[in-house]
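Engineer: From TrEMBL, here are the annotated features:
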TRANSMEM  A:12-33  transmembrane segment
TRANSMEM  A:63-81  transmembrane segment
TRANSMEM  A:93-114  transmembrane segment
TRANSMEM  A:134-157  transmembrane segment
TRANSMEM  A:187-209  transmembrane segment
TRANSMEM  A:264-283  transmembrane segment
Amino acid sequence: MFITQVLNGLQLGSIYALVALGYTMVYGIILLLNFAHGDIIMVGAYVSWLVMAQLGLNPVLAVILSVAACTLMGVLIDKVAYAPLRNAPRLSILITAIGVSYFLENGAQLVFGADAKVVPAYTDLQTIQVGDLALSFPSVLTVIVTIVATVALTLVVQKTKLGKAMRAVSEDMGAARLMGINVNSTISFTFAVGSALAGIGAVLYAMAYTQASPTMGMMLGTKAFVAAVLGGIGSIPGAVVGGLLVGFAEVIVTALGLSVWKDAVVFLLLIIVLVVRPTGIFGRTMNEKV
Amino acid sequence: MEEEVMTEKRPIISTGGPQPAAGKRRSLSMPARYAINAVLVLVILILGELMIDGGAINRYQSTVLEQVGIYIILAVSLNIATGYLGQLPLGHAGFMSMGAYGCSIFIIRMSEVLGIGARDFVTGSPMTFLLVLGGLVVGGLCAAVAGIIIGIPALRLKGDYLAIITLAFAEIIRVVMLNIDSVLGFELTGGAAGLTGIPGYTSFLLVFGCVAVVCFLIHTMMKSRHGRAILAIRDNEIAAEATGVNTTYYKTLAFVASAFFAGVAGGLYAGCVGVLQPAVFGFMKSIEILVMVVLGGMGSMLGSALSATVLTILPEALRAFSEYRMIAYAVVLVLVMIFRPQGLLGSYDFSLSRIIERVMNRDFPWSRKSAAPAGADDGKEASHDA
């Protein structure tokens, strides 16, 4: 019982963490709260549904296509909506992000209808036996995938040339441009990676909750965003820790029988953390230049 | 429809700009400006009321008009925090719901105590009028208290963090409204089923009377010393603090004023709709109001009012295309931001007295050659409209 709850917390937290990573990376590089990020997950879940339930194809293909569709969507959104506004006031870009989010939600509602679609199970294997414990396979898979994705992301950011370019652009965009870094393609790459993680998150979410609906991205996105801020926006370990914190907080509140209050608890947690540590748990404090 | 108050406080003798014939420029005195605008407001209110009484505007249309007025108050009140203070609160719907619940619970309870029936609110009497005014003030105060509670911690944070903390607070208000009855056993908010039995006290006159008063109050506040302090904080917080502006005090003041007027709008909304459900006051409602402010041009009261009008009437007019209207809305939003990031009107504001002064001085755009005279461009200074 206790183990199940811990695993539930880990599973939910991992999904939040994957989505939060996307928020954190985009914020780190162009200081944009990408409101459309949650809706990219919705697109991924619908692609899975299309491929498996409508076309009856292999789940592996569904996973690949979902992640690919999310990646493409993220880059496309950046190119069409955000790139023309690179030098505009930050609020304008934020409103644009809200507009894109509206567009995706209502577009999905128009194309697929307002009701939730059932995403078929990706795998027949539902439980695995460890000693005398029967663990839910999707939960274990979610946790493993998240660990692998986080490690891979850290390696990309810390060890590769593109990662170095990303860190440089997030530190100082103007100086990075002077050093010969192609800022636009670096930003596109960031969107691609963040959205690919959202695609993985979409598959894991669909595996856990077997549903796709036009507005599913909104609450998931907001919570993941809270997770990113909790951990310290712009920080990769922060996003993971924040995601797990939010996941565990929800599971604990639900286990206590107070599930109607779980949203309030998550947001209260956010307010408390922000009041005590205004930049989040792992956030860097930046000195303001006069 | 609701081009109303436009008072513009400037020195009685105009002093700005180099003028060829100094002293010759004629300007209106302050009492005259107030009188002109007061007359205009009255004319529009009476005209609107006559049209409703005469049947030129039917019941449905007048309800839409009331909604327009309510959204104008919401937009201009959010404009205090966004346009003038330069912060980004994402929880305006939370303040609105505090006001709506505060006002309607007060009115329901008080009318039980005073023995006033729901019908009396429709026919109207001095007693009900006072009760409704009291309710609106109570609603505003509830929202203002919420504004203080969240404002003091939130305003220590900057930019996006402030946005997030207000969003979080509004969500908490929503969850509390939803569950407070079932947990604590009150019969206060009605939970998810909603608060019913709110008398329909909102009318065209009340709404647009409030619009005029709110716009007047905000305008005079922004033209005063306190308003200039708020604008200074927006332009450069560090510089403002260095010149002796008490930034914490003025930020909280602007934030609380914004919350108070949102609460008043919430009270009017409750009387207009008749049923309150917590789900209505979600994140999307806050965004809807923010979109009105940004689309109209931040810091422009006319812009907020115009886009509130258009964005309230447009969805009603497009009911036939309801499937596509939200997509069109999203596309318009993105396009406006890409091609006109400062909003449709920028920071331009309308002032009737300025126009009258222009006419008095025969200073028309087409007769002007060079060296724009005083008053031709007020820059960021926001003046007024309703």
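Positions of Cβ are set from backbone N, Cα and C atoms, glycine also.
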Engineer: Thinking of Cβ pairs under 8 Å, which stretch from A:134-157, A:187-209, A:264-283 has the most of them with the transmembrane segment (A:12-33)?
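Structural biologist: When the Cβ pairs under 8 Å are tallied, A:187-209 comes out ahead.
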Engineer: Looking at the stretches A:93-114, A:134-157, A:264-283, which one shares the most CB pairs under 8 Å with the transmembrane segment (A:63-81)?
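Structural biologist: Against the transmembrane segment (A:63-81), the leading stretch is A:93-114.
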Engineer: Are there three or more C-beta pairs under 8 angstroms joining the transmembrane segment (A:93-114) and the transmembrane segment (A:134-157), sequence spacing 6 or more?
Structural biologist: no
Engineer: Taking residues 6+ outside the transmembrane segment (A:93-114), which of them lie with a CB under 8 Å of any CB in it?
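Structural biologist: Those are 30, 32-36, 38-40, 42-43, 46, 77, 81-82, 85, 212-215, 217-218, in sequence order.
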